[in-house]
């Protein structure tokens, strides 16, 4: 182990010497990593925000429970509220009387450009709306089960949460995320292949040097280390442009959209720390791709020459 650490300066020097000696091939391999990581950056930015969108969407879904007109006494309403609170996965229960429901309805009509004056005749005693409860759940995946339990209670007219549309949107987000992950995996394998070929060319160019090291009894790790460092450096070189791209492009996008994607329901992740995490992931992936590519290449060569 001590010998390994003592030899690190030599390995680093040998790695950089090889990179500059085969600069064209090194740039070609780094370019492949760059293309892969730029696309990976786009995917990570999209996936990170989709995860945030999904989380916000799941947590914003509430069950709107209409109370039957037969339940009008305050004592009956309080009893029903207590029963709702005992249902598993119910986080909170908020009562909204029919006048508050009417006010919310009028706000919706105004926001959609409708004629609010037409509905003003339904205020007060003429209000046809029902008293309601607004229910939040602790686990969004259990919302349908909670809804079914609510419907079992006496005095409940209906319980809705717009489940179909919310589930369709969440499913679409998940499909985009999964499809992007498969695409990035394919690109990563391509980058590993290109770096492996670059390291292989370097190995062939230094086969006499490697043969001498093996003849004098050099350990395999001593022979492998410079090539693995070279692969990591190439991977790091390939990550520089994607990191700059991530900071500049995402910052511009965030500011131009005002921090939200069309609606307040879909807030974008702020540049920091989200962008910083993405950049660290890009550098880590670039160096890992370089390390894996060089490891397989030099391993194959040493086995073949044994």
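The chain as shown is numbered from 1 upward.
Cβ coordinates come from backbone N, Cα and C, glycine included.
Automated prediction, rather than curation, is the source of TrEMBL annotations.
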Ranges in play 179-199, 200-220, with TrEMBL marking transmembrane segment at 179-199
The answer for the transmembrane segment (23-47), taking Cβ pairs under 8 Å and residues 6+ beyond its ends, is 176-177, 180-181, 183-184, 187-188, 190-191, 194-195, 197-198, 201-202, 230, 234-235, 237-242, 245-246, 250, 278, 281-282, 285-286, 289-290, 293
Other same-chain positions with a Cβ less than 8 Å from the transmembrane segment (179-199) and lying at least 6 residues past its termini are 22, 25-26, 28-29, 32-33, 35-36, 39-40, 43, 46-47, 227, 230-231, 234-235, 238, 285, 289-290, 292-294, 296-298
Taking every residue in the domain 'FtsX extracellular' (62-158), the average pLDDT works out to 85
Sequence-distant contacts of the transmembrane segment (274-298), meaning Cβ under 8 Å and at least 6 residues beyond its ends, amount to 29, 33, 36-37, 40-41, 44-45, 48, 188, 191-200, 203, 223-224, 227-228, 230-236, 238-239, 242-243, 246-247, 250-251
